[in-house]
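Enquirer: Dropping a structure here in structure tokens format, bear with me for questions.
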Amino acid sequence: MDLAQWVSQVALPICLALMMFAMGISLTIKDFTRVIKHPKAFGIGVCLQLIILPLLAWALLGLFGLFTAVPLIVASGLIILAACPGGATSNIISHIAGGNGALSISMTAIVSLLTPFILPITLSFQLSLLNDGQGTALALPIVKTLMQLIVVTVIPVALAMVLKAKCPNWAQRYEKGIRKASTLLFLTMVAALTAVNWDKLFDSGWLVAAICLSLSFIAMIVSYFVSIKAQLEEKNQLTLMIETSVQNAGTGMFIALALLQSPALATVPLMYGLLMNIPALALILYGRYRTPAIAMQ
């Protein structure tokens, strides 16, 4: 087993499971029932993540296709990325920016647990619509995807929550350490994947970067106008902008590498995971400086 295979088949699933365990150990049942306080914001946020974001990805592919040929591997990678849940870092970004941290945590947790049951079907259908002009399309195994996503997402979160309920003192003592370890492992793996896929990133880097940044910024803008139209509170507007634009790149890379076994396919989630921090920084500045009242509420 070479380095690329070890990273995709061993390190990545372990890393994703540890990240989900770290998220789970910070959760309580209240995080799932808290959405009752903000049902409107939660419902709109879920629609933005699960419906609007994938549609934006398709629209971007059509737009870029007017000016340049978008390789099948890049298009498929973007569709995979858009089908993933929001990233756990969105909770931290929301807190720093002055958003609704409670809503952010609840959305991330619930959507992350729903994703394994929704993504295999919706993503399989979307990938079947893409082809290389000769009828060749990526085939995502639905049952295998469902089972493996449950193993690396749902089970770690459930185990962590049970452990926290049974051993609260242990959970409180080691929660920060587990978070730091999962973050360090993820960053190490991103560096390894970048090194392994450097030639692929270099070959189509400008196109992938442009598409990733465009999706992130447009997701923010659309979320902003939808939130205003729905007359949500400013804190909730900011939170939905963050939740929609910050994706779980780790899940995207897991699907590309562990399930579809395509290192080239992982370049889009990998690039997005790096570049989404630019719009995230803009949101932090927007939340804390342009509208300081949001951050002080």
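Glycine is treated like the rest: Cβ placed from N, Cα and C.
Checked TrEMBL, it gives:
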- 6-29: transmembrane segment (TRANSMEM)
- 41-61: transmembrane segment (TRANSMEM)
- 67-89: transmembrane segment (TRANSMEM)
- 101-125: transmembrane segment (TRANSMEM)
- 145-165: transmembrane segment (TRANSMEM)
- 177-198: transmembrane segment (TRANSMEM)
- 204-226: transmembrane segment (TRANSMEM)
- 238-260: transmembrane segment (TRANSMEM)
- 266-287: transmembrane segment (TRANSMEM)
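A description of the local structural setting of each listed feature is requested, covering burial, neighbours and distances.
Expert: Same-chain residues lying 6+ beyond the ends of the transmembrane segment (6-29) with a Cβ under 8 Å from its Cβ atoms: 88, 105, 108-109, 112, 148, 151-153, 155-161, 163-164, 171, 174-175, 178-179, 181-183, 185-186, 189, 192-193, 196, 250-251, 253-254, 257-258, 261, 263, 266.
Counting residues 6+ beyond its ends, the transmembrane segment (101-125) has Cβ neighbours under 8 Å at 20, 23, 26-27, 31-32, 34-35, 37-38, 41-42, 45-46, 49-50, 54, 79-80, 83-88, 90-91, 94-95, 139-140, 142-143, 145-146, 149-150, 153-154, 157, 235-236, 239, 242-243, 248, 251, 255 in the same chain.
Non-local neighbours of the transmembrane segment (145-165) in the same chain are 13, 16-18, 20-25, 27-28, 109, 112-113, 115-117, 119-120, 123-124, 171, 251, 254-255, 258-259; each lies 6+ residues outside the stretch with a CB under 8 Å from one of its CB atoms.
Note on the transmembrane segment (204-226): residues 44, 48, 52-53, 56-57, 60-61, 64, 68, 70-71, 74, 77-78, 81-82, 237, 240-241, 243-245, 267-268, 271-272, 275-276, 278-279, 282-283 of its chain, located 6 or more positions outside it, place their CB under 8 angstroms from a CB of the stretch.
When Cβ-Cβ distances below 8 Å are used as the criterion, the transmembrane segment (266-287) is approached by residues 8, 73-74, 77-78, 80-81, 84, 87, 89, 93, 96-99, 190, 193-194, 197, 200-201, 204-205, 208-209, 211-213, 215-217, 220, 238, 241-242, 245-247, 249-253, 256-257, 294-295 of the same chain, each at least six residues removed from its ends.
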Enquirer: Excluding the flanking five residues on each side, which residues at least 6 beyond the ends of the transmembrane segment (41-61) place their CB within less than 8 Å of a CB in that stretch?
Expert: 35, 70, 75, 78-79, 81-83, 85-86, 100, 103, 106-107, 110-111, 118, 122, 126, 211, 214-215, 218-219, 222-223, 226-227, 230, 232-233, 236, 239-240, 243-244, 247
Enquirer: Mind checking which residues of the chain, 6+ beyond the ends of the transmembrane segment (238-260), have their Cβ under 8 Å from one of its Cβ atoms?
Expert: 7-9, 12-13, 15-16, 19, 41, 44-45, 48-49, 52-53, 77, 80-82, 84-90, 93-94, 97-101, 103-104, 107-108, 112, 115, 123, 138, 140-141, 144-145, 148-149, 152-153, 186, 193, 216-217, 219-220, 222-224, 226-227, 232, 266, 268-270, 272-273, 276, 279-280, 283, 286-287, 294
